[in-house]
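To keep things clear, I will list the structure first and then write my remarks on it.
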Amino acid sequence: MSGIQFSPSSVPLRRVEEVQFGILSPEEIRSMSVAKIEFPETMDESGQRPRVGGLLDPRLGTIDRQFKCQTCGETMADCPGHFGHIELAKPVFHIGFLSKIKKILECVCWNCGKLKIDSSNPKFNDTQRYRDPKNRLNAVWNVCKTKMVCDTGLSAGSDNFDLSNPSANMGHGGCGAAQPTIRKDGLRLWGSWKRGKDESDLPEKRLLSPLEVHTIFTHISSEDLAHLGLNEQYARPDWMIITVLPVPPPSVRPSISVDGTSRGEDDLTHKLSDIIKANANVRRCEQEGAPAHIVSEYEQLLQFHVATYMDNEIAGQPQALQKSGRPLKSIRARLKGKEGRLRGNLMGKRVDFSARTVITGDPNLSLDELGVPRSIAKTLTYPETVTPYNIYQLQELVRNGPDEHPGAKYIIRDTGERIDLRYHKRAGDIPLRYGWRVERHIRDGDVVIFNRQPSLHKMSMMGHRIRVMPYSTFRLNLSVTSPYNADFDGDEMNMHVPQSEETRAEIQEITMVPKQIVSPQSNKPVMGIVQDTLAGVRKFSLRDNFLTRNAVMNIMLWVPDWDGILPPPVILKPKVLWTGKQILSLIIPKGINLIRDDDKQSLSNPTDSGMLIENGEIIYGVVDKKTVGASQGGLVHTIWKEKGPEICKGFFNGIQRVVNYWLLHNGFSIGIGDTIADADTMKEVTRTVKEARRQVAECIQDAQHNRLKPEPGMTLRESFEAKVSRILNQARDNAGRSAEHSLKDSNNVKQMVAAGSKGSFINISQMSACVGQQIVEGKRIPFGFKYRTLPHFPKDDDSPESRGFIENSYLRGLTPQEFFFHAMAGREGLIDTAVKTAETGYIQRRLVKAMEDVMVRYDGTVRNAMGDIIQFAYGEDGLDATLVEYQVFDSLRLSTKQFEKKYRIDLMEDRSLSLYMENSIENDSSVQDLLDEEYTQLVADRELLCKFIFPKGDARWPLPVNVQRIIQNALQIFHLEAKKPTDLLPSDIINGLNELIAKLTIFRGSDRITRDVQNNATLLFQILLRSKFAVKRVIMEYRLNKVAFEWIMGEVEARFQQAVVSPGEMVGTLAAQSIGEPATQMTLNTFHYAGVSSKNVTLGVPRLKEILNVAKNIKTPSLTIYLMPWIAANMDLAKNVQTQIEHTTLSTVTSATEIHYDPDPQDTVIEEDKDFVEAFFAIPDEEVEENLYKQSPWLLRLELDRAKMLDKKLSMSDVAGKIAESFERDLFTIWSEDNADKLIIRCRIIRDDDRKAEDDDNMIEEDVFLKTIEGHMLESISLRGVPNITRVYMMEHKIVRQIEDGTFERADEWVLETDGINLTEAMTVEGVDATRTYSNSFVEILQILGIEATRSALLKELRNVIEFDGSYVNYRHLALLCDVMTSRGHLMAITRHGINRAETGALMRCSFEETVEILMDAAASGEKDDCKGISENIMLGQLAPMGTGAFDIYLDQDMLMNYSLGTAVPTLAGSGMGTSQLPEGAGTPYERSPMVDSGFVGSPDAAAFSPLVQGGSEGREGFGDYGLLGAASPYKGVQSPGYTSPFSSAMSPGYGLTSPSYSPSSPGYSTSPAYMPSSPSYSPTSPSYSPTSPSYSPTSPSYSPTSPSYSATSPSYSPTSPSYSPTSPSYSPTSPSYSPTSPSYSPTSPSYSPTSPSYSPTSPSYSPTSPSYSPTSPSYSPTSPSYSPTSPSYSPTSPSYSPTSPSYSPTSPSYSPTSPSYSPTSPSYSPTSPSYSPTSPSYSPTSPSYSPTSPS
């Protein structure tokens, strides 16, 4: 597996903390060089040995096995290669720095090297404010480039002018030289100087040689370098000019020998040889004194070779070619691009320990298993270190060798030496030593990462457990294919084997499939039941599906963890039958409740629609995709949230196995018969299609006879098309519906559609009824040639069949024309998909690169690698998206009256409350005050919701902790009866709730910002809690008692804390994936608005690209203009505003323009106009009369369109007035009145006084001039409206608003939508509601309303695009993207122009795009990269500071010292003590005394590496796999006294692995009698213990550390307590009383049973052989046959005993579990002595005086 074996390096490895960029100085190049290269040849004369001083000089390192390196003396494998150098005869420009060289030249005086400006210039001081050196250089350059002279201080001729010390001179102190303007031409720089005062002279122009530039740069002073943003230490400007060229070692430009004689050299070697030759030519010419132009030519050649050696893709330069004509691969080409060094070899590499093959489905594997072919299992290995615990196993594997499956391939000794077992003669005899490593084959149960490309989201790589199987494909469970987006038509997938325990731990704890069931993308499951299991489970759960006894018995075999009890049959006579629902109920875990009403009906549901599951029993409903699919709030989601990932996995496995077994015997197949509808239906279909054709024909007739009215905002053609499409789609749907109704329910296609496993209504209608209209580019099939679609049809045929309507079904078959049209539509789909894949792939990459380093920090904020705050709280609530789900705010939908009825309590008037309560609270004014206060708060909450948070009345929002479910669970667990009054007081409820709210912390801290953020984050959840736990609801609706209420409070707090996002979570990448993944599902095309088809809106991928690129000019810019309420309600008023806004130019209303020669201004040659011209001049006007002679004889005549004038509500005087306004006195205008036959405007030019009318020469110009005026008038004279807004459409929008009584109602309002944008002016139009008006170009919003408005506009636009096709992405991902784009105060595009202009590290930027340019820039400004980002650490091969790498581990050295003493090498390896299976309830591994060394029991992964070990943590198929690890096992030292998780199935709906541990001192648990998570006085031998009793919990109130069966997980036991110590005198592993071999304790003794829930090896009264014993039987009692835990007559000590009775006491008469003075935290509580208290200062597990056995 491993490539070349390098000998281990002796160099100590350290972490790269930062990377400094810079330019190599000539001195450095010479000093690190080992050889001066002078000859272009590689080999000496013999052709066998490398030539000294040649390009393969032996000092540079060897690439030949025969030679050793002359510098370091190593062989080819170990010599890293050494640099040489070439001394250039003349300096040359470095091509990467050429533009920078030009900039610097323009900043300094080219004569004395001084900066052209200094601090006397105010602009200069501004430039020095830039922190970033690159920006500073640009700023200085902008100021300097215009200065054309170097200012002097004192004139150079004066006596005290000091040449040696320029800074001593006053003023600027320059040299006064004129500065050239510099032009770059190819690889050369030209300077041109202005010649003195005489402007007529041409400027002097000459070439600036690199040598001159080099000289200037050496003169620049240190201060000036700093001002210029250059770095004196790492990147002086004179080093940008190459004087010495480094020669890379041969190992980076290896040559290949062809047939032993000739060698093929690398491109770089060829290039270097060209440089050496050119260099020699320049040197020769110089020595010979050749003419200047020849030397210059050779210098240019040298410059060209050096430039193309580095970059062979210079614009405007010929490429350097190989002899074959292939361009050479330059250094730049090696680095850039996808295949280049950075992206191809550093950011992503090919890896070892991976396998790839085809995948196949296997429903019998567990959800997280992966079937691996045996050949792969024998090839891939895992290095396991030899320890006392596995030495025998590993020895066995070594014995098996590399060819037998569970074997081993290599042994690695502690010296690092590898033994290959394939070639070792007696491999089996090698004795293993501790500390050696064995590379063993992978075997069942190993975890691996499985992946399918393209990896679009984190569920594309998940952890699986392997199972080695025969044959050559990977096998995986069907349900896991959906997140991978895999199918079994030949897909291949990759498997990666982790190579360290740390990696395996991360895979197990973070990436395992069950943990990925619910995705953060849309907070819903990504896996559900699919395919045949889904079709089967629907059939299986139908009401009329019965099973016989035999069938049920066989099925029971497949039910996981079946307890051996059959559910009672539903039918007893004539024969015993069970239903499928009963069997499914066995698989659903107990404690799961689900309700879904499809149609609001009574509970006795005749149609069996909807779904009701109570306590894991299906009451009614058919199980289909809605229930067991990957749906929000479905069964999978509920089980995962309530019971944890492992149980959820068990549910998947169980349902698949049971249903597939049943389906195997029941059968389900589909044939062509299932698509055939009956004859009547076919007649109906034919009739429907005929009718549609008739309607279309009618439509065509209407259009041809001009009877069709165009719809608003559409042309006639568009209206016609829209109408035809409507008719045809209607026809297809109707035909399909009739076909669907005719198919029976037993029809197999219909069954699949009903189950949701495959197919939809449209598939049925296309197969059986009619395929329907084919669409290309959103329209019907267009006319391709000569006005028709195909030669089969007449010209201009618009009939359905000609334009692509297919009236046949797939069953009947398509005609050739139909087939052709169908192929057209299909082809479009394929092309679309192909184009879309490339586009979205690039979008995804850009998103990830823009957000890869955004992470949740340990202070709860979201920051990027530079530590800039992006969000104060992740998603503004600081929660993990996987752990939130949609919840409804009850108070929002109620009317004010209903609200009052539900929440208000008035003790004086309403007496009903007291009926529900034990204690009377009537007439208690303090209680009433509390209640009033609560009600005021609830009203305020409701106000806030209605006004600000959900003004549209949508009452659903994703929130943590499903409160409703917790209440339901409580009602079940505590068996609360509706009739019993409660012992809760209103004050208890209100105080309990307030305490809970105070504990919901996401941020700890008391400063103002923290408090604000904390309050904002939890506000919605607080409102939800207050509305759910209002006093009236708790007492009257849920009827909770005190215990239940306190349990609920504790549960809510615990679950809320789990829902808080983990620090180190890489939320940026998650957000990028959550947006990129739906983008791949998006359709590329833009769609039309329904109804108004000319209102085109860009959607889908093109719109997403516009948003991410922050495009200035978007395809369809549009404003949504909302109107004032009174206008929005009235169509006519809205129409007025529309005309106000729509931009109307003169050309819009003009129907014709003419130019006439009409010399007499007072009369006219045009007959039509005579009347109004005469009428105009009939009334004399002195001013007009005076100026008559100035009027031009040429006349411009405009004719206006009356219909348009009326539509736009314009009058003639309006139009003429605008013209006059525009031209003022230069144009003379007269016009006809508004009701004349024709609307005419006549214009003449008024000439200046000096141009008299007789001047004929100007006549010619005048008509031409008039023509230009005409064009100008039509376009630029704006009659009314807002510029840029070309069209305005009126739309009716549905809005939701709150009305008087507090409910929400739907209403319509008129809204204007525009083509074109101009937000500023549109907002000022009268009647426009400026607060709601919106532009879809957020670039415009940024300019007008600022960055915060832009952020919400951006969010809205993103939402529109993603939710258009029904995807849902959780708010926090979109919000994070918007915040990243706007957090810098300007819009950062998700392109190289945005991402690469941020201040992130150079390495990170160069891994995105513009690789070489960024590295050059970094070098030139001497940047430093602090390696905080993700990309940098990936390149350097280091653990990046993210996730599990975001923190360090703090190790308690002393504890370690004490601990290691007890480790004894186990002797009983594998003596029959396998991992015992305990029932979920038993938290204690009862079968061993705490002092025995645990030996080989239980796999380490069972005791998960944290104090949270608890029932069912790591089991297979939902059993608890208890790692029974004894005293000295390394996994047990972590149990601190306050840390026992109370979760286990006896009590709480238990949370599985992710549960935080409650501390016993949590007030929410203190007074519950049945819930003493860690009270230290319970003994399992006490007669009151019963596994099924409601008050029993493995962690229950009476557990005693001194009892013989006391276990290591007990809170008071801690290995660090001094009295327990392997060296303490009272403990001895060999003492006779504690020995595995002692007679009283033996694993094989008849009294030992690891599965018994209450087994204690020393209890005399318990025996598994006792006749009445059955652990699951409710009436089981170890001592008495009549014992029943719930019967009041049972009593261990007294006749009146009842477990909840206040006088019941295990130890003393005055002890009462519910009495307020009893609490594990109360100081007076003590199990053994009055002075004991867990929180008292004297109690501490590590305190020397504390001992579990000492009395105090």
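Glycine is no exception: its Cβ is also placed from the backbone N, Cα and C atoms.
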Candidate ranges 387-399, 816-828, 1063-1075 [criterion: Swiss-Prot lists as region 'Bridging helix']: 816-828
SER1192, SER1506 - residue that Swiss-Prot labels as phosphoserine: SER1506
Selected residue, Swiss-Prot feature phosphoserine, from candidates SER1489, SER1541, SER1555, SER1701: SER1489
Winner by Cβ contact number (other Cβ atoms within 10 Å) across the binding-site residues ASP487, ASP489, ASP491: ASP491
CB-centroid shell, 8 A cutoff, Mg(2+) 1 site ASP487, ASP489, ASP491, site residues removed: ILE359, ALA486, PHE488, GLY490
DSSP-assigned states of the region 'Bridging helix' (816-828) in counts, ordered helix, strand, coil: 13 helix, 0 strand, 0 coil
Reported mean pLDDT - the repeat '13' (1655-1661): 40
